[in-house]
Amino acid sequence: MAAAAAALGREGGEDAFRRLFRFYRRRDASELRGVLDFSAPGGQVFRSHLSISSVSDQDASRAGLQPVSRWKAYGLNGYPGFIFIRNPFLPGCQRHWVKQCLKLYTQKPNVCNLDLHMAPEKTIDLWGQSKEQLRRKGSSKCEPRSLLEKLRWVTLGYHYNWDTKKYTPNHHTPFPSDLAFLSEQVAAACGFQGFQAQAGILNYYHFDSSLGIHVDESELDHSRPLLSFSFGQSSIFLLGGLKREEAPTAMFMHSGDIMVMSGFSRLLHHAVPRVLPNPEGTALPSCLDQALPSDLPAGSVIEQSSEEDWQVCAKYLQSSRINMTIRQVLAEGQNFPEESGTDLKGQAPSEDGYHQENGRAKRHKANTDS
């Protein structure tokens, strides 16, 4: 399978990334033996050295993470600056971030795809409008989707403009403090002390969703890493080169996994061609089975969830994946250029912002009708 995919990528020499994107999107899950799995690393994979002394065990615990000395972090030959961390979360702590992504971060003043074509009063409380419908939901595909199931993206902090591909100083809301703390600990462990979480794009995927080929280059400071957190069902992630003519490497991302793209790898093409059921064959990955312990450490940013709230989250995740990408937009002391001050918020995303469903590319603003 790996050899066939590589040959396909080389064929014709033009846009090898697009051909492999289509290849992996169409493959049956049982035919994906060539996809790199960090649970059984080998070949081009090597262990990454982390900055263990940069994050105290107490701060890691406050963020819901294991001590950094226990993290399993890997790099890839040919991709300097890329770090893959296999689920470093403490038992039960993934549940906090799932709940935040569905219940808290979807609230105003944060921005979501539903704002593009719905009245403001309709998107104030997506959780409240969806939880009963999700709780009652069966397995029938004929049932109407709740607003949370129609959600495709949420932006935090400096709100990304999908049309201009820019951030602007006058389209900004406070960045969530708990997510900022988590991001700071992960960045510090990877050697990036002083990382500031200034913008976030949360993507919400279903089994029929994908994310098109793109480069995250809109941030004004490319010396700081891009952090990516995944929860729920698994996915295939494609990491390519500086040009789309370079064939990408395919890898699995499972619930709790973290990717860090920095240095040379910070500006590489990447995509998510498909979402897959978790490989354990259960409705949810086993790492989501455990509830939070009752004795959270002092100063923890992790909050207890009610069983009622978690049941709503669990129902959602049975067919979905959530990904949080966190960025530092500006270097310390850096300002936006004057010409970027125009606020064009609420535009539809460009081609690189596409989700795809059922093999067809759709703009985010149309996804709520699917």
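Heads up, the Cβ atoms here are built off N, Cα and C, so glycines get one too.
Heads up, TrEMBL stuff is auto-annotated, nobody curated it.
As recorded in TrEMBL, the features of this protein are as follows:
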BINDING   His214, Asp216, His270  Fe cation binding site
COMPBIAS  352-370  compositional bias 'Basic and acidic residues'
DOMAIN    193-330  domain 'Fe2OG dioxygenase'
REGION    333-370  region 'Disordered'
Sequence-distant neighbours of His270 (Fe cation binding site) in its chain (C-beta under 8 A, six or more apart): Ile213, His214, Val215, Phe237, Leu238, Leu239, Gly240, Pro248, Met261
Residue among binding-site residues His214, Asp216 with least C-beta crowding, 10 angstrom cut-off: His214
Mean predicted confidence [pLDDT] for the domain 'Fe2OG dioxygenase' (193-330): 95
Residues in the domain 'Fe2OG dioxygenase' (193-330) grouped by DSSP into helix, strand and remaining coil: 19 helix, 51 strand, 68 coil
